[in-house]
Amino acid sequence: MLRAYRSSEVAAAERPLIEAGVPLMERASFAVSTAVARELKARGHRVAGSRILVLAGGGNNGGDALYAGAYLARRGAIVDVACPAGNVHEGGYAAAIDAGCRTVADDELATAARAAGVWIDGLAGIGLRPPLRDPLASVVAMLETERATSPDEPIVVAVDCPTGIGVDDGGVSGPVLRATVTVALAVAKPGLLAPPASRFCGRVEVVDIGLSVPGLPAVAALGGSDVADVLRVPDATDHKYTRGVVLLGTGSAEYPGAAVLTAGGALGGGAGMVRLDSPDVASLVLRTYPEVVTGMGRAQATVIGSGVPATDVDRLRGPLDRALAENYPVVVDAGALSLLKDGYEDLPSTAVLTPHAGELAELLSARGEGLTRSDIEAAPIRAVRLAATVTGATIVLKGGTDVIAGPDGPVYAQPARSHWRATAGAGDVYAGLLGALLAGAGEDLARAGRGYGQPALLAAAASWLHAEAAHSDGPIRAGQIAERLPAAIAQALRG
Ligand SMILES: NC(=O)C1=CN([C@@H]2O[C@H](COP(=O)(O)OP(=O)(O)OC[C@H]3O[C@@H](n4cnc5c(N)ncnc54)[C@H](O)[C@@H]3O)[C@@H](O)[C@H]2O)[C@@H](O)CC1
Ligand SMILES: [K+]
């Protein structure tokens, strides 16, 4: 699991170690130099003879970059050092000069940037209060132009975070220096995981510098082994009912395929049984999935709304109310979200809402929170937290990175592995899959009452599996994502 903590929490954890003289900056800069060497090696280059540009701001982030430059210069790299902030970390600068680095004047920076194969971004780290101001803002804008017009992409290694991102809120409010790889010191930071800032981070590598941050992370991203921990693997005592029954109130005469896709998601996600309560589309679903049972009946999780237009959702009120009354989890997708605009004041976290940004904006405005779709896309962490707080429910904001929050616990940010998954019906498969995971835990969730952070964790696991199943070098159909879910589950379980 990648765990991200806010800058104030990192600074508070750092303070006693720094006071005790623990050489955190030495460790950090050594880790950065190792990352640079590895990136060069991966492209068939050696450190010796490589041209590297260190971009050093006036804070400790610049110090890290300068000491890293010194290490690399001692290994034979040709290292230029630019300090455009007007001040510089003195110890780091002295070490860099001592190791043979050359200082670049401000008017030579563009030329040095073009000549270098690697840029080490130490302009600002967790001490930055965005938006980035001049002179650094102009420097970053110039470097981005340089990169865009250069025939060879430089490898950009960001120290701790790409300069300019909203480290704590994941926002982007000014120029950002896009990274190839971000070397996160000790722990990730929210902006490294959550969009839109995470789109500027490249690969995120967390390095150990002997610093741990206590408490729950603000933002987390599950890996395959975390998913394996929450998957319910059947044993010899299980049968279809104990593995979990998913009831689907999905699909309509208008969008019949959504019922097929949610059924595929639920079956591929390991449901013990899938029931379908959508008479209009039952025969279509049975043609693809004869395993599906039609009609109402007992279920440990309910999925409603996928492919059901808002004009036809009244029939879903029954299954929704029953799930809520019995404390069983319910996934409220697409058209069914409109049911929640009126009433349903205090939902439990076992109600999992799966809106995209536009649907979330509508839901929030019905609750008196005037966020537009673009407000939500600019600050998804804040939006899902707010929505979870005002509704009580678990919110899954679907996108290139799914951002998930319950009323308590961390926000999860689960990235797509390839963006080919942005295809019609992929969300229906997700809703069915999530239904299967929730059904597996349904009895426990019902016993535990309102669910607390558990549904968010399961939703994050569903996002990981969905991303894994949709991983593709070329176009993929939603139906194929459903077909590939069993392999994604096996992949998570193999570790
Ligand atoms: N404290 C330590 O000893 C350690 C800190 N570490 C490094 O230190 C970094 C944090 O260092 P600092 O707290 O010195 O801060 P930073 O170096 O991240 O940034 C502060 C600098 O940015 C400038 N700045 C702030 N907001 C700005 C804006 N909007 N526009 C332009 N400039 C702006 C400040 O004037 C200051 O010069 C971490 O990200 C990490 O790289 C690591 O070396 C680990 C140990
Ligand atoms: K940086």
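Using the three backbone atoms N, Cα and C, a Cβ is placed for every residue, glycine included.
Copied over from TrEMBL:
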- 10-217: domain 'YjeF N-terminal' (DOMAIN)
- 60-64, 125-131, ASP160, ALA258, GLY307, HIS356, ASP428: (6S)-NADPHX binding site (BINDING)
- ASN61, ASP121, THR163: K(+) binding site (BINDING)
- 223-492: domain 'YjeF C-terminal' (DOMAIN)
- GLY427: AMP binding site (BINDING)
Checking the binding-site residues ILE126, ARG129, HIS356, GLY427 against ASN61 (K(+) binding site) with a 10 Å Cα-Cα cut-off, in sequence order, leaves ILE126
Across the binding-site residues (ARG129, HIS356), the Cβ with the fewest other Cβ atoms inside 10 Å is that of ARG129
Same-chain, non-site residues whose Cβ lies within 8 A of the ASN61, ASP121, THR163 Cβ center for K(+) are LEU55, GLY57, GLY62, ALA65, GLY122, LEU123, ALA124, GLY125, ALA158, VAL159, ASP160, CYS161, PRO162, LEU177
Result for ligand 1 contact check over binding-site residues ARG129, THR163, HIS356 with Cβ cutoff under 6 A is ARG129
Those binding-site residues among ASN61, GLY63, ASP121, THR163, HIS356, GLY427 lining ligand 2, judged by a Cβ under 6 Å from any of its atoms, are ASN61, ASP121, THR163
Mapped onto three states, the DSSP assignment of HIS356 ((6S)-NADPHX binding site) reads coil
Expressed in Å to no decimal places, the gap between the Cα atoms of HIS356 ((6S)-NADPHX binding site) and the residue listed as 'AMP binding site' is 9
Sparsest Cβ environment (other Cβ within 10 Å) among binding-site residues ASP121, ASP160 belongs to ASP160
By Cα geometry, the one of the binding-site residues (ASP121, THR163, GLY427) nearest GLY63 ((6S)-NADPHX binding site) is ASP121
Fewest neighbouring Cβ atoms within 10 Å among the binding-site residues ASN60, ASN61, THR163 goes to ASN60
Listed in sequence order, the residues of the same chain lying six or more positions from ILE126 ((6S)-NADPHX binding site) whose CB sits under 8 Å from its CB are SER7, VAL10, ALA11, ASN61, ASP160, CYS161, VAL167, LYS189
